[in-house]
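The structure appears right after this line, and notes come after that.
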Amino acid sequence: MQGPPLLTAAHLLCVCTAALAVAPGPRFLVTAPGIIRPGGNVTIGVELLEHCPSQVTVKAELLKTASNLTVSVLEAEGVFEKGSFKTLTLPSLPLNSADEIYELRVTGRTQDEILFSNSTRLSFETKRISVFIQTDKALYKPKQEVKFRIVTLFSDFKPYKTSLNILIKDPKSNLIQQWLSQQSDLGVISKTFQLSSHPILGDWSIQVQVNDQTYYQSFQVSEYVLPKFEVTLQTPLYCSMNSKHLNGTITAKYTYGKPVKGDVTLTFLPLSFWGKKKNITKTFKINGSANFSFNDEEMKNVMDSSNGLSEYLDLSSPGPVEILTTVTESVTGISRNVSTNVFFKQHDYIIEFFDYTTVLKPSLNFTATVKVTRADGNQLTLEERRNNVVITVTQRNYTEYWSGSNSGNQKMEAVQKINYTVPQSGTFKIEFPILEDSSELQLKAYFLGSKSSMAVHSLFKSPSKTYIQLKTRDENIKVGSPFELVVSGNKRLKELSYMVVSRGQLVAVGKQNSTMFSLTPENSWTPKACVIVYYIEDDGEIISDVLKIPVQLVFKNKIKLYWSKVKAEPSEKVSLRISVTQPDSIVGIVAVDKSVNLMNASNDITMENVVHELELYNTGYYLGMFMNSFAVFQECGLWVLTDANLTKDYIDGVYDNAEYAERFMEENEGHIVDIHDFSLGSSPHVRKHFPETWIWLDTNMGYRIYQEFEVTVPDSITSWVATGFVISEDLGLGLTTTPVELQAFQPFFIFLNLPYSVIRGEEFALEITIFNYLKDATEVKVIIEKSDKFDILMTSNEINATGHQQTLLVPSEDGATVLFPIRPTHLGEIPITVTALSPTASDAVTQMILVKAEGIEKSYSQSILLDLTDNRLQSTLKTLSFSFPPNTVTGSERVQITAIGDVLGPSINGLASLIRMPYGCGEQNMINFAPNIYILDYLTKKKQLTDNLKEKALSFMRQGYQRELLYQREDGSFSAFGNYDPSGSTWLSAFVLRCFLEADPYIDIDQNVLHRTYTWLKGHQKSNGEFWDPGRVIHSELQGGNKSPVTLTAYIVTSLLGYRKYQPNIDVQESIHFLESEFSRGISDNYTLALITYALSSVGSPKAKEALNMLTWRAEQEGGMQFWVSSESKLSDSWQPRSLDIEVAAYALLSHFLQFQTSEGIPIMRWLSRQRNSLGGFASTQDTTVALKALSEFAALMNTERTNIQVTVTGPSSPSPVKFLIDTHNRLLLQTAELAVVQPTAVNISANGFGFAICQLNVVYNVKASGSSRRRRSIQNQEAFDLDVAVKENKDDLNHVDLNVCTSFSGPGRSGMALMEVNLLSGFMVPSEAISLSETVKKVEYDHGKLNLYLDSVNETQFCVNIPAVRNFKVSNTQDASVSIVDYYEPRRQAVRSYNSEVKLSSCDLCSDVQGCRPCEDGASGSHHHSSVIFIFCFKLLYFMELWL
């Protein structure tokens, strides 16, 4: 943006020569702002002086020059009377006006003459409206929803109703989502945006495009743990080097306001840039708050010569120190940190000057404000205030010296000392006259050994040495409240004229006959008003002064919020009451935890935001050096046209004089050397609790000005604050003046601490903490509700305990803990309900724990197709069966039968989770993305897409898109782990490009992302059309072998074809010729042949039909189904075919679709439909994606709309028949029934009617860990991996176990990407960052007692990883856990091992030493399980030896 041009003499004065010749005195003074902005008026001030004709017609024109053509775009005209001072306002410039050359021409005419005429170029200001972007929070976790509002306003804060675009961008500036051409309601638009489970962490932005301008709001996405309490640290910002102590206070409170008990570790650390640092560390107890102190000897010891460079440093003025505080809560052991900086000063007191002018006006008074404070931040004592502040005032005249005279003589110097008493506040005013000959002023202040100084070296220039001074005695000037101005001068004052400028506009003008008068600010004056007062002397000189005053904004529109009560208990219903000034207002409310804004800066719309926004409209010069009357007007950004004498004088290079600069430094040494006076310091970095948003409300008040909403207080024990804004057509914006707070708290409550899951047969300690904030200690009975789903292992005969209850005394303002040893007896999620009863209060909490079956989970699915599609009534009978293996874990079996009336039905219902494997890399993430595209395509073609299903699919796609951008590299390519990989992957880049292109019709895809990926792919194509991969291909079937370049090229070609939408002239002919040539030479493996067939079919190659015929010739036929079987030997027992075989069938089906061979493809579709798992997917991600694409394309051709089938399920597993009715209305509904577990499981399925349906038998069960599962490799099962799990333990340490897992690939070459899943022993966790990433370990995921390690690949060389596990819950009788490794893209290649630790907790160990929990006899407590076993073994051995002897 170009700033306003400096106002030259030609701008300031242009009058008719004839008029000047006869004018007896000045006749006019015209002022106008130097800027123009769209949507804003240009107001011109016109004052006709006493020598002016009685009436003057003033015309103002706004001229625009574009393409060398100047036209008038706005004009206004008015008649002004002699002696008047009024304004002439041009209409506002249209909001869509472009940045052109604009000039303002002002002409004054009488009947006889042109009194004045001149023009000036105006600076075009692009800022025309205000846009506020509000989010409910400023910091989000993955998977959270971002709520935001856009508020668009004119500069007067009236609603600006317009169309705008909204863009969400991630930290890499990728476009994630957009809303285009959005219309607002009274300038307000409210939206939500869902973050994915793995978004790019960092600073995201909401960008709003309106009127060719973009407005931004950032929010941060980060992973963090919610703390239960907050810690604050209070210290002085400054500390005197003479102080004997540095004191401070630490406060630790729960978010609901109660004190924290625990331990404090405090560290005093000098922030030195040199050498080795020393520090002081102290530890002590805290109960809500604690005071601390460092004495001068301690501080000197660490600050003196700790850096080893003391001889080069001025230790009398050391650098700052950092004070670090860690508070550890005694109940849970959780720690929180906070720190602050303290700056050391040479003196005990700080003396500051402010509120003084930077220009001297001789013979008028100089005023300033002086503030005296203690360096340590404490208030001045009465004894200290008995001492005066002594101010030495030195006035000099160096006019000749500084005007360039060679004499350099000092003409005058006057010094006086003034004593001032110090009030309790430490702040006082000083005032004294400036001598008539003064041109310089220096002040030095002294107080109890401390000193400060300031100087003014500028002199206001007036030819007649006539001055006025403008002041106000009022503070906190606000809109609507009058304030007083006082004008003083060194000569008799005439009638005064004034004008007020704010935000680049002339907002008020007038005349006053008194030297003391009042003005009443309006909203247009905010946030800062530039007030000019002047009069004209008899000789025509303009005598002026300027005063800039901050004006507090006061909204005409009011909004008030009230809670129906200020305190409430969690889950209690309360009312939020809203009152506004006008009906038909839009109201936006947000209520969040009180600490949310302390953790990160708020993104709320606050008064501070509004004032800052108003400041952006202020575009004057604001030099602060108004040394003459010309500069006074310039200071307010005004253009002036006058025939009066407007003094203008330049600063004559005073500061270029080296001798002057040297003397200035010497005289002000005390003020300049002490650089710490200017140090901003560092605000304490406080870690705060970041809660969920409670209320996000948008409402139109309609005809009401009062509304009430009933809401339920969340279960959190914390404080909630609500803020709001209101907008109406007439009154514009209004804000709540202060947040309204609701304290959600109960003085007596339970906190449960238990593991996320355990395995059946294990026992765990249920930790129950009772918090008592009543005024008295209370006896509490803690009761666990009895259940047949778990046993309570309490055997004590103590009076205060029974099997399911304990009694304890809980002190006031404190907490106490009891432990109950629990043994779950049922599988699944079981509820545990705890009640605490006392004579004065009670609480009850229910929490779930997941109980898993022992052993290793297995699954089996078998499907049948019920094809009754001949448009006539039919019937059919099918049988499904399954036999559980002998080592099945009793009680783990689950049998389910499902039915649905659509080929894609199982997958549509399983969109949220199609496969059983984790998916944490760049390709696997697409399982959240690609299937949704094919489902949407399919349902759209079938005209069965519902709004709910569409929104669900789009949400998955948007989140998948967010996650996938994590894996895009700087060069535009994609790889399995993004920038962590050494290079991009052509295979994965092609896959992502294809999916993004297919998704583009449904969600917002950044076109730059597509272009960069396409360009990178084309850069990896050889001249013969072949593509190559610079890295390693993670898909095992695309790596190695003679035909891998052929397979890769066929794969990439099918992706590039979709880019023709953006680049129609894409040429893939060389690649097609390459594939045709390779096909003619012969393709031996089915996978490569299937991909080539699909690629050739996609472009209509003459070879496509021949390729498909060859592929069909190699197929297997069975029971009306067609499929392909690879030649590789069986790898493991699995009901599912190889992922490779599924992909081959899918590509074959797609080729049939492209070649319009519908009937020939039906047998393939039948086979693919039967291979799905119970979730609706297949074995892995790539086979699931390709198979669903093929099924969706093919099934869309089938006529299955008319459906009415009665399905009946009978057999031993179903004692009473299960019936499913499938018709046209519910054909997409997945109907489910649980069946009884019998051995073997067999069901008969009969179907009658017409249409199409799929029935699926799903079986889930666990198998016991066999002996072979503990060995390195099972030869019998021909496992693809060697796998060994070694447990490192210490019998004296029950809380740490190290796992050493080693694996290698037993097949030829290397595996594809491998996934190692490590299930931890119950009660253990692995610390974050405990496992380092490497060339092999690309990613580690922590997931509720399980680790997922993504391995780049595994070869014949053994790879080992050490996993340190730490106990975080007490669990005894620990069951075996398992470790597995699997080739991700060929899951049949796998190995599984189980493990356990010999060092276990016993039931006696669960309770430790907590009073009231004694499941074992005294003396047995704490014994180790293995020690007990050894003791029994030894005892029996001795017994038998005795018999033998």
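Any Cβ shown, glycine's included, is placed from N, Cα and C.
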Consult Swiss-Prot and report the residue, out of Asn68, Asn397, annotated as N-linked glycosylation site.
Asn68
Can you tell me which of these residues Swiss-Prot lists as N-linked glycosylation site: Asn247, Asn337, Asn800, Asn1042?
Asn247
Given the candidates Asn279, Asn287, specify the residue that Swiss-Prot annotates with N-linked glycosylation site.
Asn279
In Swiss-Prot, which of these is labelled N-linked glycosylation site: Asn600, Asn1355?
Asn1355
According to Swiss-Prot, one residue among Asn41, Asn1086 carries the annotation N-linked glycosylation site; which one is it?
Asn1086
Consult Swiss-Prot and report the residue, out of Asn513, Asn1244, annotated as N-linked glycosylation site.
Asn513
If we check Cα distances from Asn118 (N-linked glycosylation site), which of the glycosylation sites Asn365, Asn419, Asn645, Asn1086 wins as closest?
Asn645
Measure from the Cβ of Asn1355 (N-linked glycosylation site) and count the other Cβ atoms within 10 Å, all protein chains considered.
14
Looking only at Cβ atoms, how many others are within 10 Å of the one on Asn247 (N-linked glycosylation site)?
16
Restricting the comparison to the glycosylation sites Asn68, Asn279, Asn365, Asn1355, which residue's C-alpha is spatially nearest the C-alpha of Asn247 (N-linked glycosylation site)?
Asn279
In Å, rounded, how far does the Cα of Asn68 (N-linked glycosylation site) sit from the Cα of Asn645 (N-linked glycosylation site)?
36
Since the record lists Asn118, Asn365, Asn419, Asn645 as glycosylation sites, which of them has the fewest other Cβ atoms within 10 Å of its Cβ?
Asn419
Do you know which of the glycosylation sites Asn68, Asn279, Asn513 has the most other C-beta atoms within 10 angstroms of its C-beta?
Asn279
Does DSSP give Asn1086 (N-linked glycosylation site) helix, strand or coil?
helix
By CA-CA distance, flag whichever of Asn279, Asn419, Asn513, Asn1086 among the glycosylation sites is nearest to Asn1355 (N-linked glycosylation site).
Asn1086
